[in-house]
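J.: I have a structure here, written as structure tokens, and I will follow up with some questions on it.
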């Protein structure tokens, strides 16, 4: 079957990663000890995508857990599903990366990376037909961002034809751990642009706003933010884990979602959003789900899709509902808001339906958008980066680990290029002379098609 190897790196990556495993284990009827106690065969039909069936009939996640300090790993191990993971798949150092990208990417992380690759190789060898990898990490710290991107490029070297997907938590001044987050994030994006096929941008600022505004939490904790992330991750992987036709593997998703190789940063959304504990008392209709799902307030990235245009969209509906109604509602949204979808990619919205809803809900919908409005998120980081970099603030922490200022300059300009590429396609119309306005990607793809 088509397996996915999951890697989680750093504190944030391990926290949202282990939450992801709790949620999907629950959805597939896998107990914390790895035994199956589910209700239907649907839960097992594609279980091998994420789990390995051991000799004793227990299911073991195809997960590799990485960190440069033991703390977070210990709490995962002592957590509710800690015994589910393969003990050999915990790989950790003792030094920590101290929120320094250079330590994660060049020094401390580089020392540990071969051990991690050994474990990843072992997992990959246990696969029948590996489709690709998914990494959970944050871009603001040292390990997830620095070592996470190092792992991505090493995996890319060894498995060049496999899909690489990442769930990347983008830093925000509202929920900030460290002052150097803009540096770490920019250096990471510089890597992700080149080395991932699909990146889900999960943005602490958006999560914070959802908790505060929609869920009415006055002091959102990381636990609350991670609860939202796990809903989203469970939603966007539904098609990969349950039987179905559309976007049923990582590559098909990439083919549908990525019109130009560098523009692979997605904005996820989820509906219905209701405060943790007070699950919606009434089931929403398909129309309400669709409405909510496209609402800017439900986006997990702090960008307003109304400030840009959608290149492509994928929507996943979960629960028992009429396919016809789903199709009607999705067409309805596109017709009413046609100006927000680029007209030069016809049929750029794809919909999938899965019968099994998430726990506690009758129906739910997950949204994945490739919108040019994502440039707002990169602009925000870029401005903060430039403010500090102009004064060379905090640079000694990075140059002390052997980095060169040149690398900062390159990362900065790569991110600014990305922003202007999004802008260029936002303004493009179907009538534009394709060769003329884009010497780069659009021109090439256009010529090669003929």
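Placement of Cβ uses the backbone N, Cα and C atoms for every residue, glycine included.
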J.: According to Swiss-Prot, 69, 138, 142, 143, 144, 204, 226 bind GTP; which one of 11, 31, 43 is annotated to that same site?
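T.: Record source Swiss-Prot; matching candidate: 11.
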J.: Swiss-Prot lists region 'Disordered' for one of the ranges 405-427, 428-450; which is that range?
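T.: It is 428-450 that Swiss-Prot annotates as region 'Disordered'.
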J.: Among 11, 138, 143, 204, 226, the binding-site residues in question, whose Cβ has the most other Cβ atoms within 10 Å in this structure?
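T.: Most Cβ neighbours within 10 Å: 143.
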J.: Give the three-state DSSP assignment (helix, strand or coil) for residue 143 (GTP binding site).
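T.: Where residue 143 (GTP binding site) sits, the three-state DSSP reduction gives helix.
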J.: Express in Å, rounded to the nearest integer, the largest CA to CA distance found among the GTP-binding residues 11, 69, 138, 142, 143, 144, 204, 226 named in the record.
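T.: Of all Cα pairs among the recorded GTP binders, the widest measures 23 Å.
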J.: Non-local Cβ contacts of residue 142 (GTP binding site) (under 8 Å, 6 or more apart, same chain)?
T.: 10, 68, 96, 97, 98, 99, 100, 101, 103, 104, 184
J.: Taking the Cβ of residue 69 (GTP binding site) as reference, which residues of that chain separated by at least 6 in sequence fall under 8 Å from it?
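T.: Expected: 92, 93, 94, 95, 96, 97, 143.
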